[in-house]
Amino acid sequence: MACAHLGDLQRLSSPKLSQSVHREECTQCFDNQVQDGPQGVEVCLNCFNGGCTGERHHMRTHLKKSGHRFTLNVKRKQKPSTKRAEDEEPPAKISKLAIVEEREEDKYEHNTVIKCWTCDSENGREIPEAFNDAKVKALADQTMASLSSARQSEVKAWEEEFEPCEHTLMLQQTSVGAIPASGLAHCVACELTSNLWLCLTCGSLGCGRVQYGGVTGGNGHGLRHFEETGHPVSVKLGTITPEGGAGKFISLSPKIVFLILLVDIYCYQCNDAKLDPALSEHLAVFGINVKTAQKTEKSMTEMQIEHNLKYDFSLTGEDGRALEPVFGSGLTGLSNLGNSCYMASVLQTIFSLPAFKARYFSPSATTDHAAQCPESLPADCVECQMRKVADGLLSGRYSHPAHGSTSSVNDPVFQEGLRPTGFKALIGKGHEEFSTMKQQDSEEFLGHLITVLRRDAHKYKDRSADDTTAVFTYGMEQRLQCGICSKVSYRTDAMDVLSVPVAAVENGKDADGKTLYTPIPLVACLDAVLTPEALEYGCPSCGTKVNALKQAKFATFPEVLVVHAKKFQLVNWVPTKLDIPLILPDGDEVIFDAQHLGIGLQPNEVELPCNAAAPNAPQFDAGAMAQLEGMGFPVIRCQKALLATGNSSAEAAMEWLFAHMEDPDIDAPIQPSSGSAAGPEPSADQIAMLSDMGFTPAQARKALRETSGNAERAVEWLFNHPDDTGADNAPASASAATAAPAVGGTKDVPVKVPRFTSGHYVAHIRTDDAWVLFNDEKVVKADEESVRELKKLAYLYVFEKA
C-alpha cells in the first residue's frame, strides 16, 4: 500500500546553499561516523539533521522532539581509488594555498531510500516509490548534491594567502652579471649542495636553516648573509620552474586536496614566504632563464605538508621496540582532521579530569538533554557536542583495533580514531583562527574553549551551576606599593592559565648545529612570576612619578592548575618556540605554601586614595565624533566605538559599531577602568610600532599599559591574550577564599615546534600508575624513560589539586 503522507513530503524544501546537510554522521554520537555502516545515516528532510538508527537511535529522538516525519537513509560504498597522473599538467598560476574540492560521486557509490516515520514510528517505513515524484526526487538529489557538513567545514576552512611584500616589489639589485654553473653548485660558506637560497639582491648563494623534524639540512648561511647585509629576499634553487608560481596537487585525505605553491621565495625581513611578481626579471639579472629551469627540489610548502602527513611522533621506547597500543574506556584516539592535533591534545587532557567526566559523561543525563535540547539542531548545541565527544572518548565503545590497518602481522594495530568534525566546526564557528584548518596553539585553543563553554553556560542559566571551567579558575592578587609614601593598592584578577616565562640560556650546539639550552627548574619559573617587580608609576598620593614595587600572589588556588611554559623568543618580532628543557619537581608535584598566598590589605598598611583607580576621562577625536554623530549614532555608542578602536578613525569606529550593534551593554555608560596597578600612558610611537605588527591601537595601548611601556613584553602580552580586544574593562575579581596548599600530579601536552603556530601536539596522561601517550588516533602505553625526557619539552602542564 502506498504511503498516505506523500503530499506532506512534496511540500518540503531542498537545502539552501548556506545550510549544512549532516549526511555523513550522527550529530549526537559516533556510532555511524560515516554512512559506510550497514544501517547508514538517516538525514531528516525537514532540517537535514543526521542521526543513527542503531541501538541508540538518535534519529528517533530527533523526530519525536521536532515532529518531523521524513528521512533520507544514506549508505555509501567506496569505489576503487584513482590517482592523479604524475605527468598531469599543473593548474595556472595561483596566489594562495587552498583546498581543491573533490567530487564525492567520483569516490563513492550511494544507495538512498526515503522513509516515512508516521507510517512506522519505530523503524521508519521505506517508500522507494517516492522517487517517482519529480519534486521528491529533486529534494533527495539536492540533499545528496549539497556539500555535507563535515566537508563544508573542511573546504572553507583551509586557505592561506601568499602575497608580495614591499621588499619583493621594491627590490633593488646589484648587477653582477651571469653567475656560472660553478657558482650555483654549493653554498658560498660550506659544501652543502641542496637547500640552497639565492639572494635576489646580490646573487650570493647560502644554505637554508635546519627545519623541524629533519625536513631539510642546512647551516643557516643564507640567514647569516641577510643579517650581515640586510638583503631581504631569496629564492630557493631547484624550485624554480617555467610556470613560476604554478601549483601542484597533494592529497591530504580522501576529502582534502591541497593546491600548493611550487617555487620558494622567502623574505627574511618579513620572516615569511612571499610572492615575487617579477621573479623572471630578477633572475635574469644573474643569467638564470626561468623558461629553461627544471624543478629538482621540493618547495618548503610541499615538504611541510608531506612531513605533517607522514609525521609520526616517536612510538618506540628507549629499547627501540614499538610501544604497545592500548584500548578501553578513556583510551580512544581522535583522527587528525588536518592540523587538528592541537585540539585533540586539549580534548584528551580535559576529558581525563574528574570534573569533565562527571559533567559530560552521564548516559542518562545525555539522553534527557537530547530530548529537551533548546537548540533545533544538535550540531548547533555546545552541550550536545561536548557530550558526544565525552561519550566517544570515555565510553570505550569505539576503542578497538582498526580493520586492515597494517601490512605486517608484526606491526602494531592502532585505532581508526573518532572524527570530531561537528565539534570542531561549532567551537571554531566565527573565530578568525579556529574556524580554519591551519595549525593553532594549544594554550590559545584551551582558552577559547573555556570562553565558549562559559558563554554557553551564561546563555542557558540552568547549566551555569555545573560550569566545569571553574576548576581552572584562580585569583591572582596584584599588590602595588609606592616607593615614596609606602601606600599600597590591591586588586584581584580571575585567571585560568598561569603563563610562566622560561629563561633561554644557550648551552652550545649539538652535532647537527641545533642550539641547546640549559635546563630550567619549573619551580624557578613559578617563583619568577611571584617575584616583586620594580616599575615607574604615577602615584596619586605623591602627585608625581615614582619607583613602585609590584608583586603578584595567589588569592585562591584552582582545583586544576594549567601552567603555560612560554618557551619562545622574539625573532624579527615573530615569536619562535624553543626546546628549553623544564625540570619538574620530584614526584611531579608542585607545592604552594603561605609565602605564595596573598592576604590582602594589612592593618599596618595605608591604602592609596580611591581616585588612584580612576584614570583621566578618555579623550575622543572631535572630527571622528562629529562624523559618527552625523550618521545618526548615539553619543555613547560613538564614544565606545572610538575608545575600542584607539581613536584611530571614524571608518574603524563605524566598522566596530556595525559589529557590536546587538551587544546588550552597547548603550550602558562607559565604566572607568581601575588604574591602580597600571603603568605610564604609552606614547603614540609605541602604539604605532605595535599597530604596524597587525594589532589594533586599542590592543597595543592596553598591552603597553599592562607591561609598563616595555615594547617587547607588550608583544608577549598580546600573544598571551589573543582574544583581548583592548577594551578598558574593569578587571574581574575572584572571590576571596582560604586556599590550602596545592599539590598535584601532571598531565602534559608536549610539542616540538619551530614557530608559534606550527608543529605537532600530543598528550601524555597519567592513569593510575601508568602513562598513556595520545597521538591523534594512536593511543599507546608510554615507557617511563620516554615520558621522563618528553616531560622536559612539554608546552602545557596540567596539575590536579591533591
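Cβ from N, Cα, C; glycine included.
Remember, predicted model here, so these are calculated numbers, not experimental data.
Annotation source TrEMBL lists domain 'UBP-type' at 163-294. Mean per-residue pLDDT, taken over the domain 'UBP-type' (163-294), amounts to 78.
The Zn(2+) binding site annotation in TrEMBL covers C187, C190, C207, H221. Counting Cβ atoms from all protein chains shown, H221 (Zn(2+) binding site) has 20 others lying within 10 Å of its own Cβ.
What TrEMBL records for 332-802 is domain 'USP'.
According to TrEMBL, the active site, nucleophile annotation covers C341. Under the DSSP three-state reduction, C341 (active site, nucleophile) is assigned to helix.
Annotation comment: TrEMBL describes 619-660 (among others) as domain 'UBA'. In the domain 'UBA' (619-660), the DSSP tally of helix, strand and coil residues is 29 helix, 0 strand, 13 coil.
Annotation comment: TrEMBL describes 681-721 (among others) as domain 'UBA'.
Summarising the annotation, TrEMBL assigns active site, proton acceptor to H760.
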Nearest-integer angstrom distance between the alpha carbons (Cα) of C207 (Zn(2+) binding site) and H760 (active site, proton acceptor): 25
Residue among recorded positions C187, C190, C207, C341 with least C-beta crowding, 10 angstrom cut-off: C190
H760 (active site, proton acceptor) and C187 (Zn(2+) binding site), Cα-Cα, nearest whole angstrom: 31
Check: same-chain CB within 8 A of Zn(2+) site center, minus C187, C190, C207, H221: H186, V188, A189, E191, L192, L196, G206, G218, N219, G220, G222
Alpha-carbon distance [H760 (active site, proton acceptor); C341 (active site, nucleophile)] in Å: 6
Alpha-carbon distance [H760 (active site, proton acceptor); C190 (Zn(2+) binding site)] in Å: 31
Distance, H760 (active site, proton acceptor) to H221 (Zn(2+) binding site) (CA atoms, angstrom): 27
